[in-house]
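Student: Before I ask anything, let me first share the structure, which is written out below as structure tokens.
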Amino acid sequence: MSASEGMKFQFHSGEKVLCFEPDPTKARVLYDAKIIDVIIGKDEKGRKIPEYLIHFNGWNRSWDRWAAEEHVLHDTDENRRLQRKLAKKAIARLRGTGKKKRRCRLPGVDSVLKSVPVKEKSKNDENSVSSTCHESCGEKNGGIKEHRQRRIKVKAKAKKKVLSLRSRKEMDERTITIDIPDVLKKQLEDDCYYINRRKRLVKLPCQTNIITILESYVKHFAINAAFSANERPRHHHAMMHTHMNVHYVPAEKNVDLCKEMVDGLRITFDYTLPLVLLYPYEQTQYKRVTSSKFFLPIKESTTTTNRSQEELSPSPPLLNPSTPQSTESQPPTGEPATPKRRKAEPEALQSLRRSTRHSTNCDRLSESSSSPQPKRRQQDTSASMPKLFLHLEKKTPVHSRSSSPIPLTPSKDGSAVFAGFEGRRPNEINEVLSWKLVPDNYPPGDQPPPPSYIYGAQHLLRLFVKLPEILGKMSFSEKNLKALLKHFDLFLRFLAEYHDDFFPESAYVAACEAHYSTKNPRAIY
């Protein structure tokens, strides 16, 4: 591109000049150069300025640079003296930092520095080291001090960018694997077959919803952690020396981490379900069950009555089984009456409540374990309880007419099942056993509940197929990621152990039946 008429240029094509390296990170010296071409460019403010294509003598053509007029000087005696002065300052600076070889890697730098006579170098070295930055290059752009600060900023910015790119690359290359047990892999295959081939749907709302599953797992986890707590001092004396804190709890036995994990699963599930966890055949059902027309708000008077009845019940909630109980039999006269909230409610209003609030059933189970009940009642209870809740019921005996839900000290014969809770405060134990994933007033009565209140284990299991991809886009330290994956592994083992309870084949129904189950409005609880 040729220079336009009307603009004056101080230099012309083919002229020999002295030029600064345009890159501020390079050595601040003047190089012998030659102008190859002249064009009209624009500065940062959009104004037209002349630009010169500079070829540095002795440099490869790849180092040719476009330079503004302020970086170019005429080849005069005065500018030659400035060139030698800057070269001497560069020598002194490089000697002071001890990085001469690394600083003078570019072609042309050595030739400029060697052009200074040896005697002149020796004579002025001491003055060069002690001279100020304004003396060294006050003629151009503020001096060496300003140049050095600018260079430090550029390097820091470049280093930060490199670290960011490296971190992003490591995240892209990091492979996260979640091992799903074989029985659950088969469940995923069956789930796909039922939905896509047989055109069946999971009946919603599920009798055992995700909130129930996650809450039950935390209590299951806490009980197992408590049982192993008293074994750790006997079998792991070396751990006391490794961890000076006597209250150290491994990540895989930390109840607080377990609570955080299940809460994270709940939040992730509610967000990702409509995005990646539903088959196309299920989209219509999802829109129907999440519609505000599908749910009815509960009256405050009913909620207040139920709460007052819960406060009168002496038995604390130990577990949340989601199995319906018979309402024909009544508790004995000597026992306090437990709330019977479902007796007067139509079946349509009970389905969602079974899956979200079920401490009443636990109270009845606790009383039946210590008080004589009719034979038919005991058989019905045992037959209707899932194996998970029967298993935990054996581990959590409760004495009727007693405010303490569990024995806090082991028996003399050593058969107390809660020896692991030895030395712990009763309120800590009750807090774990009565812990709830979400508060009682959630969700608000005027809003439909989130998917975790409606869907069950079938859709929760699908989340673990997508979790590696989701976690790969999050920033985790290796330590935190390892602990999280360990808790995922324990939770999947829990689902596999009670597979028959959480994944019944009867959960899949024909589309017409699934549509009928969502035809009438349901109550939010």
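Note: Cβ is positioned from N, Cα and C throughout, glycine not excepted.
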Student: Just to confirm what the record says: which one of Thr323, Thr409 has phosphothreonine annotated in Swiss-Prot?
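Tutor: Per Swiss-Prot, the residue annotated as phosphothreonine is Thr409.
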Student: According to Swiss-Prot, which residue among Ser292, Ser403, Ser415, Ser475 is annotated as phosphoserine?
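Tutor: Of the listed residues, Swiss-Prot records phosphoserine for Ser415.
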Student: Here are some residues: Ser164, Ser351, Ser411. Which is flagged as phosphoserine in Swiss-Prot?
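Tutor: Swiss-Prot records phosphoserine at Ser411.
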Student: Just give the helix, strand and coil counts over the domain 'Tudor-knot' (13-72), going by DSSP.
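Tutor: In the domain 'Tudor-knot' (13-72), the DSSP-based counts are 6 helix, 32 strand, 22 coil.
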